[in-house]
Amino acid sequence: MAKILMVLYPDPADGYPPQYARESIPELSKYPDGQSLPTPDNIDFTPGELLGCVSGGLGIVDWLKSEGHDVVVTSDKEGEDSEFDRELPDADVVISQPFWPAYLTKERLEKAKNLKLALTAGIGSDHVDLDEAAKRGITVAEETYSNSISVAEHTVLMVLALVRDYLHQHDISRNGRWDIAEAVSRSYDLEGMDVGVLAAGRIGRAVIERLAPFDVKLHYFDQHRLPEDYEKKYNLTFHESAEALVPHVDVLCIHTPLTPSTEGMFDEKLLNTMRHGAYIVNPARGAIMDRDAVVRALESGQLAGYAGDVWYPQPAPEDHPWRTMPHNGMTPHTSGSSLSAQARYAAGTREILEDFLANRQIRDEYLIVDGGDYAGTGASSYRQSK
Ligand code: NAD
């Protein structure tokens, strides 16, 4: 029997379950590249339910308990006296979501003597010290593709919101005003703009494919260049590095994982090489940016807008400057946790656990670290080519 420690975001303040807006979500048959959707033996929830919070329990708590496992679900994750820290030393499996990350630092991994599997419900396992996990023989896995399209949709939403200045216009309408001249004084069409995509993985490609019909000029950089026929189909201009890409775009969408080489990458120097009045949409990870350099670039007008849903640390403190900086379109970390995405990553979490508990091989595409090294998606996406 295993001890499974789940760290999930708190329930809605007005109670669980919430009043749902819709009765069902569409059924998908596969992911865009043909990868199959999660294939657990069973699920005990109705797709479309709120699963990512404590009472939702990713829809797996009753199943795990019925199999005799010890399950702890908590949202209390910060500080030495947190429930997470108290329960960690004898946990076999830790499950956490990037939206409410249980940071598995070197110090915490040292305390987690029994830990065999660090499972990310969603995508993005940078809250785990991956090198340390590899050293300790801990497997790190996530549900690759489960919310990539969710994030791509959110990215398109934010690009349009920034360029057209939607949030400001919405505020005017909410506040009983009709000040057209003020409302349109920062509003542009996206059509014809140069749009850059930094990292053309599952999210980056989905953004390219969704933005192409807006008749923009598309540019990208990824450490693995895309096939020639794909570049031709979307009329993509490839640049040799992030530094080479950013001076050529009006809008930049960032979709790299957070790794030692992307951490802090967007400092004042790099931001100043962008076109004056460029926009950045970053739903990848907050720590890819120098926090205060972004604020200064917005204040000076070097950036015309910044949006994203990732911060550091998370949850962001109430006085985090990105909450109030000018022309921001920030959301809390929600893009990958739509009810639609939750159904997929909860089913994927169950699939991975079923395999792990039965001593079966976890699907290669779900693996980030395994057998003491990067593996599966971790080997192609997290390992840096330079
Ligand atoms: P993916 O593995 O399909 O793609 C990652 C891509 O990044 C790969 O093509 C890889 O080659 C490229 N890459 C890695 N390091 C690079 C570098 N230094 N320079 C250029 N390219 C680099 O992953 P994905 O599904 O597209 O997700 C990407 C990232 O988005 C995740 O790692 C995660 O941090 C973030 N994400 C955020 C949310 C959210 O809710 N906001 C949800 C899912 C994923």
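Yeah, the Cβs are placed from backbone N, Cα and C, and that goes for glycine too.
For the recorded site, Ile123 (substrate binding site), the DSSP three-state label reads coil. Sequence annotations record features per position, and here TrEMBL assigns substrate binding site to Ile123, Asn147.
Sequence annotations record features per position, and here TrEMBL assigns NAD(+) binding site to Ser148, 202-203, Asp222, 257-261, Asp309, 333-336, Ser381. Around the Cβ of Thr259 (NAD(+) binding site), a 10 Å sphere holds 16 further Cβ atoms from the protein chains shown.
If you take every residue in the domain 'D-isomer specific 2-hydroxyacid dehydrogenase catalytic' (64-362) and average the pLDDT, you get 98. Look at TrEMBL and you will find 64-362 tagged as domain 'D-isomer specific 2-hydroxyacid dehydrogenase catalytic'.
Annotation source TrEMBL lists domain 'D-isomer specific 2-hydroxyacid dehydrogenase NAD-binding' at 157-335.
Residue environment of Arg285 (site 'Important for catalytic activity') contains 25 other Cβ atoms, counted within 10 Å of its Cβ in all protein chains. The site 'Important for catalytic activity' annotation in TrEMBL covers Arg285 (among others).
In the three-state DSSP reading, His333 (NAD(+) binding site) counts as coil. Per TrEMBL, site 'Important for catalytic activity' is recorded for His333 (among others).
For the pair Ser261 (NAD(+) binding site) and Ile123 (substrate binding site), the C-alpha distance works out to 19 angstrom.
The two recorded residues, Ser148 (NAD(+) binding site) and Arg285 (site 'Important for catalytic activity'), have Cα atoms 14 Å apart.
In the structure shown, the C-beta of Asn147 has more C-beta neighbours within 10 angstroms than that of any other entry among the binding-site residues Asn147, Ser148, Ser335, Ser381. If you draw a 10 Å sphere around the CB of His333 (NAD(+) binding site), it holds 25 other CB atoms from the protein chains shown.
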